[in-house]
Amino acid sequence: MRNLILVGPMGAGKSTIGRLLAKELRLPFKDSDKEIELRTGANIPWIFDKEGEPGFRDREQAMIAELCAFDGVVLATGGGAVMRDANRKALHEGGRVVYLHASVEQQVGRTSRDRNRPLLRTANPEKTLRDLLAIRDPLYREIADLVVETDERPPRMVVLDILDRLAQLPPR
């Protein structure tokens, strides 16, 4: 396995589960959003405010291309990374892709106190999450080698499920 790449919506657990997977597999963990913040010295909301979503997505595309060129990392992506064809291609070719699926209700519960999510700065974050999932779910599934439910499951159980199911996949 080159890399293990986690995709899914905000609040699905990509960063939490990614760190646990990296520890279990003894691999480095990378979070594309955190890497963008480290590189720019600015947080994601600031980048959205100054450059708009297209400016952020340009940075994200460059970062995903760079991180997918690594060999032997666990990578957590931002929820919208799958919106660009180039990103989906890089992610699919960069390693095994696991789609961490979470219901909108779980996403709301997990993101409600997080002010670091520019797309949720709306009057109705639940509707925003529902609309985003309707658009992005088919794109996550398009590139996923595995789809794993995270609702009402402790992160450790999700990690064990992923490792067990990865071991059963044929080489590609």
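A Cβ is built for glycine as well, from the same backbone N, Cα and C atoms used for every other residue.
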Which of Arg136, Arg141, Arg153 does Swiss-Prot put in the same substrate site as Asp33, Arg57, Gly79?
Arg136
I want the residues beyond Asp33, Arg57, Gly79, Arg136 whose C-beta is within 8 angstroms of the mean position of the substrate site's C-beta atoms, in chain order.
Met10, Glu60, Thr77, Gly78, Gly80, Ala81, Val82, Met83
As a test of the contact definition, list every same-chain residue at least 6 positions from Gly79 (substrate binding site) whose Cβ is closer than 8 Å to its Cβ.
Gly8, Pro9, Met10, Ala12, Leu132, Arg136
Look up Arg57 (substrate binding site) in the DSSP assignment and reduce it to helix, strand or coil.
helix
Would you count the other C-beta atoms found within 10 angstroms of the C-beta of Arg153 (ATP binding site) for me?
16
